[in-house]
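Colleague: This is the structure I want to talk about, given as C-alpha coordinates.
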Amino acid sequence: MKILSLSLLLLLAATVSHVQSSASVPGLIELLESNTIFGNEAELLEKEGLSINYPNCRSWHLGVETSNIINFDTVPANCKAYVEDYLITSKQYQYDSKTVNKEAYFYAKGLALKNDTVNVWIFDLDDTLLSSIPYYAKYGYGTENTAPGAYWSWLESGESTPGLPETLHLYENLLELGIEPIIISDRWKKLSEVTVENLKAVGVTKWKHLILKPNGSKLTQVVYKSKVRNSLVKKGYNIVGNIGDQWADLVEDTPGRVFKLPNPLYYVPS
(Lines of atoms letter the chains of each structure in order from A; the text may use other names.)
(Lines give C-alpha, C1' and ligand atoms only; values in the text may rest on other atoms or scores of the structure.)
Protein backbone atom coordinates (compact mmCIF):
# COMPACT_ATOMS: atom_id res chain seq x y z
CA MET A 1 0.00 0.00 0.00
CA LYS A 2 1.31 3.44 -0.90
CA ILE A 3 1.63 5.88 1.97
CA LEU A 4 0.53 9.43 1.19
CA SER A 5 2.71 12.15 2.65
CA LEU A 6 1.26 14.37 5.35
CA SER A 7 2.21 17.48 3.39
CA LEU A 8 0.18 16.39 0.38
CA LEU A 9 -2.79 15.56 2.56
CA LEU A 10 -2.61 19.03 4.08
CA LEU A 11 -2.36 20.55 0.62
CA LEU A 12 -5.50 18.77 -0.48
CA ALA A 13 -7.33 19.95 2.62
CA ALA A 14 -6.28 23.51 1.86
CA THR A 15 -7.42 23.43 -1.74
CA VAL A 16 -10.71 21.53 -1.57
CA SER A 17 -13.67 23.23 0.09
CA HIS A 18 -16.26 20.51 -0.31
CA VAL A 19 -16.55 17.09 -1.89
CA GLN A 20 -19.69 16.15 -3.72
CA SER A 21 -20.94 12.58 -3.60
CA SER A 22 -19.82 12.03 -7.19
CA ALA A 23 -16.12 12.57 -6.37
CA SER A 24 -14.10 9.36 -6.78
CA VAL A 25 -11.44 8.15 -4.35
CA PRO A 26 -9.10 7.04 -7.18
CA GLY A 27 -9.30 10.52 -8.63
CA LEU A 28 -8.27 12.08 -5.35
CA ILE A 29 -5.43 9.59 -4.95
CA GLU A 30 -4.30 10.46 -8.47
CA LEU A 31 -4.14 14.10 -7.43
CA LEU A 32 -2.17 13.32 -4.26
CA GLU A 33 0.34 11.05 -5.99
CA SER A 34 0.94 13.33 -8.95
CA ASN A 35 4.41 14.84 -9.25
CA THR A 36 2.86 17.83 -10.97
CA ILE A 37 0.04 18.41 -8.52
CA PHE A 38 -0.43 22.11 -9.31
CA GLY A 39 -0.56 21.46 -13.04
CA ASN A 40 -3.21 18.76 -12.65
CA GLU A 41 -5.12 20.29 -9.77
CA ALA A 42 -7.55 22.59 -11.58
CA GLU A 43 -8.51 20.04 -14.24
CA LEU A 44 -9.01 17.21 -11.75
CA LEU A 45 -10.93 19.31 -9.25
CA GLU A 46 -13.27 20.46 -12.01
CA LYS A 47 -13.72 16.89 -13.22
CA GLU A 48 -14.54 15.65 -9.72
CA GLY A 49 -16.97 18.48 -9.02
CA LEU A 50 -14.80 20.13 -6.40
CA SER A 51 -14.05 23.81 -5.82
CA ILE A 52 -10.77 25.45 -4.87
CA ASN A 53 -10.51 26.87 -1.38
CA TYR A 54 -7.97 29.47 -0.27
CA PRO A 55 -6.72 28.85 3.28
CA ASN A 56 -5.22 32.33 3.51
CA CYS A 57 -7.86 34.85 2.47
CA ARG A 58 -5.49 37.80 2.76
CA SER A 59 -3.26 36.16 0.15
CA TRP A 60 -6.30 35.44 -2.03
CA HIS A 61 -7.25 39.12 -1.80
CA LEU A 62 -3.73 40.17 -2.82
CA GLY A 63 -4.02 37.90 -5.84
CA VAL A 64 -7.30 39.56 -6.80
CA GLU A 65 -6.01 43.12 -6.49
CA THR A 66 -2.89 42.33 -8.51
CA SER A 67 -4.96 40.61 -11.22
CA ASN A 68 -3.23 37.29 -10.64
CA ILE A 69 -6.51 35.68 -9.56
CA ILE A 70 -9.07 36.33 -12.29
CA ASN A 71 -12.38 35.08 -13.67
CA PHE A 72 -13.83 34.09 -10.31
CA ASP A 73 -17.61 34.00 -10.00
CA THR A 74 -17.79 34.38 -6.23
CA VAL A 75 -15.60 35.06 -3.24
CA PRO A 76 -14.38 31.74 -1.75
CA ALA A 77 -16.94 30.62 0.82
CA ASN A 78 -14.33 30.38 3.57
CA CYS A 79 -13.37 34.04 2.97
CA LYS A 80 -16.74 35.55 3.89
CA ALA A 81 -15.59 36.52 7.39
CA TYR A 82 -12.36 37.97 6.02
CA VAL A 83 -14.15 40.14 3.44
CA GLU A 84 -16.68 41.38 6.01
CA ASP A 85 -13.88 42.23 8.42
CA TYR A 86 -11.87 43.94 5.68
CA LEU A 87 -14.77 46.06 4.46
CA ILE A 88 -16.61 46.80 7.70
CA THR A 89 -15.02 45.86 11.00
CA SER A 90 -11.30 46.54 10.66
CA LYS A 91 -11.58 49.73 8.59
CA GLN A 92 -8.72 48.41 6.45
CA TYR A 93 -10.78 49.02 3.31
CA GLN A 94 -11.06 52.70 4.21
CA TYR A 95 -7.34 52.92 5.00
CA ASP A 96 -6.40 51.29 1.69
CA SER A 97 -8.80 53.52 -0.25
CA LYS A 98 -7.40 56.58 1.50
CA THR A 99 -3.86 55.64 0.49
CA VAL A 100 -4.83 55.23 -3.17
CA ASN A 101 -6.80 58.48 -3.28
CA LYS A 102 -4.08 60.40 -1.46
CA GLU A 103 -1.51 59.28 -4.03
CA ALA A 104 -3.89 60.26 -6.81
CA TYR A 105 -4.22 63.73 -5.30
CA PHE A 106 -0.45 64.18 -4.88
CA TYR A 107 0.01 63.14 -8.51
CA ALA A 108 -2.67 65.56 -9.73
CA LYS A 109 -1.32 68.40 -7.61
CA GLY A 110 2.09 68.05 -9.24
CA LEU A 111 0.82 68.19 -12.81
CA ALA A 112 1.49 71.09 -15.14
CA LEU A 113 -2.04 71.43 -16.49
CA LYS A 114 -2.64 72.54 -20.06
CA ASN A 115 -4.22 75.96 -20.47
CA ASP A 116 -5.56 75.45 -23.99
CA THR A 117 -7.88 72.53 -23.25
CA VAL A 118 -10.13 71.01 -20.60
CA ASN A 119 -8.20 68.90 -18.10
CA VAL A 120 -10.34 66.00 -16.90
CA TRP A 121 -10.19 63.05 -14.53
CA ILE A 122 -12.07 59.84 -15.30
CA PHE A 123 -14.03 58.34 -12.42
CA ASP A 124 -15.68 54.95 -12.39
CA LEU A 125 -18.97 54.91 -10.48
CA ASP A 126 -19.85 51.74 -8.58
CA ASP A 127 -17.36 50.97 -5.80
CA THR A 128 -15.40 54.05 -6.78
CA LEU A 129 -17.72 56.98 -5.97
CA LEU A 130 -20.67 54.89 -4.73
CA SER A 131 -20.52 51.69 -2.69
CA SER A 132 -22.30 48.44 -3.49
CA ILE A 133 -21.44 46.93 -0.10
CA PRO A 134 -25.07 47.13 1.21
CA TYR A 135 -26.17 45.00 -1.75
CA TYR A 136 -23.42 42.39 -1.54
CA ALA A 137 -23.77 42.14 2.24
CA LYS A 138 -27.16 40.54 1.55
CA TYR A 139 -25.40 37.83 -0.46
CA GLY A 140 -22.65 36.72 1.86
CA TYR A 141 -20.24 39.52 0.94
CA GLY A 142 -19.75 38.14 -2.55
CA THR A 143 -19.71 34.45 -1.59
CA GLU A 144 -23.16 33.80 -3.09
CA ASN A 145 -24.09 33.90 -6.76
CA THR A 146 -26.57 36.54 -7.86
CA ALA A 147 -28.60 36.62 -11.06
CA PRO A 148 -27.20 38.66 -13.97
CA GLY A 149 -28.54 42.19 -13.78
CA ALA A 150 -29.80 41.73 -10.21
CA TYR A 151 -27.77 44.68 -8.96
CA TRP A 152 -29.21 46.97 -11.66
CA SER A 153 -32.73 45.82 -10.76
CA TRP A 154 -31.99 46.53 -7.11
CA LEU A 155 -30.94 50.08 -8.01
CA GLU A 156 -33.93 50.53 -10.31
CA SER A 157 -36.23 49.66 -7.42
CA GLY A 158 -35.13 52.86 -5.71
CA GLU A 159 -32.33 51.61 -3.49
CA SER A 160 -29.54 54.13 -3.01
CA THR A 161 -25.92 53.38 -2.26
CA PRO A 162 -23.64 55.29 0.12
CA GLY A 163 -20.75 57.37 -1.10
CA LEU A 164 -17.15 56.29 -0.61
CA PRO A 165 -15.66 59.11 1.47
CA GLU A 166 -12.05 58.86 0.36
CA THR A 167 -12.92 59.05 -3.35
CA LEU A 168 -15.36 61.86 -2.64
CA HIS A 169 -12.47 63.79 -1.04
CA LEU A 170 -10.43 63.25 -4.20
CA TYR A 171 -13.35 64.47 -6.30
CA GLU A 172 -13.55 67.69 -4.26
CA ASN A 173 -9.79 68.23 -4.30
CA LEU A 174 -9.57 67.80 -8.06
CA LEU A 175 -12.28 70.40 -8.58
CA GLU A 176 -10.21 72.82 -6.48
CA LEU A 177 -7.21 72.11 -8.71
CA GLY A 178 -9.24 72.97 -11.81
CA ILE A 179 -9.54 69.37 -13.00
CA GLU A 180 -13.06 68.48 -14.10
CA PRO A 181 -14.56 65.05 -13.38
CA ILE A 182 -16.01 62.80 -16.05
CA ILE A 183 -17.88 59.77 -14.75
CA ILE A 184 -17.99 56.68 -16.97
CA SER A 185 -20.16 53.82 -15.75
CA ASP A 186 -21.36 50.52 -17.16
CA ARG A 187 -24.78 51.18 -15.64
CA TRP A 188 -27.55 51.22 -18.24
CA LYS A 189 -28.81 54.62 -19.37
CA LYS A 190 -32.24 53.73 -18.04
CA LEU A 191 -30.71 54.14 -14.57
CA SER A 192 -29.66 57.74 -15.19
CA GLU A 193 -32.36 59.32 -13.04
CA VAL A 194 -31.68 57.19 -9.95
CA THR A 195 -27.95 57.55 -10.55
CA VAL A 196 -28.07 61.35 -10.65
CA GLU A 197 -30.22 61.43 -7.51
CA ASN A 198 -27.81 59.10 -5.72
CA LEU A 199 -24.76 61.12 -6.74
CA LYS A 200 -26.30 64.37 -5.59
CA ALA A 201 -27.29 62.78 -2.28
CA VAL A 202 -23.63 62.01 -1.51
CA GLY A 203 -22.38 65.43 -2.61
CA VAL A 204 -21.35 64.81 -6.22
CA THR A 205 -23.12 67.66 -7.99
CA LYS A 206 -20.62 68.80 -10.63
CA TRP A 207 -19.28 66.85 -13.56
CA LYS A 208 -18.31 67.55 -17.13
CA HIS A 209 -20.06 64.41 -18.34
CA LEU A 210 -21.89 61.48 -16.77
CA ILE A 211 -21.69 58.70 -19.35
CA LEU A 212 -23.79 55.56 -18.91
CA LYS A 213 -23.81 52.48 -21.13
CA PRO A 214 -26.47 52.30 -23.86
CA ASN A 215 -29.35 50.03 -22.84
CA GLY A 216 -28.77 46.51 -24.11
CA SER A 217 -25.19 47.13 -25.25
CA LYS A 218 -23.18 43.93 -25.66
CA LEU A 219 -19.80 45.62 -25.38
CA THR A 220 -17.54 44.40 -22.63
CA GLN A 221 -16.60 46.91 -19.97
CA VAL A 222 -13.05 47.15 -21.31
CA VAL A 223 -14.12 47.84 -24.90
CA TYR A 224 -16.94 50.20 -23.89
CA LYS A 225 -14.81 52.37 -21.62
CA SER A 226 -11.89 52.39 -24.05
CA LYS A 227 -14.19 53.64 -26.83
CA VAL A 228 -15.55 56.38 -24.57
CA ARG A 229 -12.06 57.54 -23.57
CA ASN A 230 -10.91 57.60 -27.18
CA SER A 231 -13.97 59.65 -28.10
CA LEU A 232 -13.21 62.15 -25.33
CA VAL A 233 -9.60 62.53 -26.49
CA LYS A 234 -10.76 63.14 -30.07
CA LYS A 235 -13.02 65.89 -28.74
CA GLY A 236 -9.99 67.62 -27.26
CA TYR A 237 -10.18 66.64 -23.60
CA ASN A 238 -6.89 66.15 -21.77
CA ILE A 239 -7.33 63.07 -19.59
CA VAL A 240 -4.81 63.44 -16.78
CA GLY A 241 -5.92 60.57 -14.53
CA ASN A 242 -8.26 57.64 -14.04
CA ILE A 243 -9.57 55.86 -10.96
CA GLY A 244 -11.65 52.70 -10.61
CA ASP A 245 -12.07 49.53 -8.60
CA GLN A 246 -11.62 47.07 -11.50
CA TRP A 247 -8.72 46.68 -13.89
CA ALA A 248 -11.41 46.57 -16.58
CA ASP A 249 -11.97 50.27 -15.79
CA LEU A 250 -8.34 51.13 -16.38
CA VAL A 251 -6.81 49.10 -19.21
CA GLU A 252 -6.73 49.52 -23.00
CA ASP A 253 -5.83 52.94 -24.41
CA THR A 254 -5.95 54.78 -21.10
CA PRO A 255 -4.42 58.28 -21.28
CA GLY A 256 -3.10 59.64 -18.00
CA ARG A 257 -2.07 57.72 -14.92
CA VAL A 258 -4.37 55.04 -13.47
CA PHE A 259 -5.21 54.38 -9.82
CA LYS A 260 -6.74 51.05 -8.76
CA LEU A 261 -9.02 51.00 -5.73
CA PRO A 262 -9.47 47.81 -3.69
CA ASN A 263 -12.50 45.58 -4.25
CA PRO A 264 -12.62 41.95 -3.08
CA LEU A 265 -16.37 41.56 -3.72
CA TYR A 266 -16.46 40.66 -7.42
CA TYR A 267 -14.46 40.52 -10.64
CA VAL A 268 -15.13 42.18 -13.99
CA PRO A 269 -13.16 40.57 -16.86
CA SER A 270 -10.40 42.72 -18.28
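Yeah, the Cβs are placed from backbone N, Cα and C, and that goes for glycine too.
Pasting the feature list from Swiss-Prot:
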CARBOHYD  N115  N-linked glycosylation site
CARBOHYD  N215  N-linked glycosylation site
SIGNAL    1-17  signal peptide
Colleague: Measuring Cα to Cα, tell me the gap between N115 (N-linked glycosylation site) and N215 (N-linked glycosylation site) in whole angstrom.
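Modeller: Per the Cα atoms, N115 (N-linked glycosylation site) and N215 (N-linked glycosylation site) stand 36 Å apart.
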Colleague: Give the three-state DSSP assignment (helix, strand or coil) for N115 (N-linked glycosylation site).
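Modeller: DSSP call for N115 (N-linked glycosylation site): coil, neither helix nor strand.
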